[in-house]
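Here is the structure we will look at.
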Amino acid sequence: MLLGSVPQLDRVAVQLGPFPVYWYGIIIGTGVLLGLWLATREGERLGIPKDTFVDLVLIAVPIAILFARMYYVIFEWEYYAQNPSQIINIRQGGLAIHGGLIGAVITGILFAKRRGVSFWKLADIAAPSILLGQAIGRWGNFMNQEAHGDEVTRQFLEGLHLPDFIINQMYIEGVYYHPTFLYESLWNFVGVILLLALRKVNLRRGELFFTYLIWYSVGRFFVEGLRTDSLMLGPLRIAQVMSIGLVVISIIFIIVRRKMGQADKRYSEN
């Protein structure tokens, strides 16, 4: 379709009768499946049955989506209080990663306890998968033309040597914007490579997951500063506050668990 004279991508992938299927959902689903493949592959290498992560994903993903939506709605309550019918409409976006992460961690803890396996072992194995899903998922924001940054010129975007389809999609209502989705996606892809490399270092159990939290949070903090659609609490950007909190908590957990002897096992130990 066209917006002005700039060709753009349609956020609807296919129309099934009266029901549109959005790229957003397809991309999120692709991220989940690729992350699951990565986790089951590593899990089998470390003695975790393949169906463990399949079962976990079947439970955790719906709960994570629920928490992600609840988190988003809470901080946009002024709008949703006036439009309650839109609370359950997630086909075009409106999912907060930090909310989803909270839901996933709670589910993971309960799941691990019920299965009699170490939560930290599952979390370490899943860490690269989660970050991979986030890296891919940001392209859903791209298709929806959301989660972008401040206004820029086309010349600025061309100076980044971006392909035309990205530049054109960043043209929204007559204005070009920072492709913050791309910055975060690239940061996350680099993080996946880092986490896969750190597997070979054989960190203490739980520390690969904390490394994921630190890496993601550092990148998110800086990218969030460029965004124009941040969830706010007064003058504070919620994602930046959460990012700082996760970095601090992760470092404290690493130090305390080591001092208390709760991190004696290594990543690859059973």
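Yeah, the Cβs are placed from backbone N, Cα and C, and that goes for glycine too.
Worth saying up front: this structure is predicted, and the values here are computed from it rather than measured.
Annotation comment: Swiss-Prot describes 19-39 (among others) as transmembrane segment. Residues 9, 11-13, 53-54, 57, 61, 91-93, 95, 125-126, 128-130, 132-137, 139-141, 143-144 of the same chain lie 6 or more positions beyond the ends of the transmembrane segment (19-39) yet place their CB under 8 Å from a CB of it.
Feature annotation from Swiss-Prot assigns transmembrane segment to 56-76 (among others).
Listed as Cβ neighbours of the transmembrane segment (92-112) (distance under 8 Å, sequence separation of 6 or more from its ends, same chain) are residues 11, 22, 24, 28, 55-56, 59-60, 63-73, 75-76, 118-119, 122-123, 126, 130, 134, 137, 140-141, 144, 146-147, 220, 231, 238-239, 242. Feature annotation from Swiss-Prot assigns transmembrane segment to 92-112 (among others); the stated evidence is sequence analysis.
What Swiss-Prot lists as transmembrane segment is 116-136 (among others).
Taken from Swiss-Prot, the feature transmembrane segment covers 178-198 (among others), and the record attributes it to sequence analysis.
The transmembrane segment annotation in Swiss-Prot covers 206-226 (among others) and rests on sequence analysis. Long-range contacts of the transmembrane segment (206-226) within the same chain: residues 97, 120, 123-124, 126-128, 130-131, 134, 149-150, 178, 180, 183-184, 187-188, 191, 194-195, 198-199, 237, 239-240, 242-244, 246-247, 249-251, 253-254, 257, 263, 267, each at least 6 residues beyond the stretch ends and with a Cβ under 8 Å from a Cβ of the stretch.
The transmembrane segment annotation in Swiss-Prot covers 236-256 (among others). Counting only same-chain residues 6+ beyond the ends of the transmembrane segment (236-256), those with a CB under 8 A from a CB of the stretch are 75, 96, 98, 206-207, 210-211, 213-214, 216-218, 220-221, 224-225, 227, 230, 262-263.
Remote same-chain residues near the transmembrane segment (56-76) are listed as 32, 36, 87-88, 90, 94-104, 106-108, 111, 122, 126, 231-233, 238 (criterion: CB distance under 8 Å, separation of at least six residues from the stretch ends).
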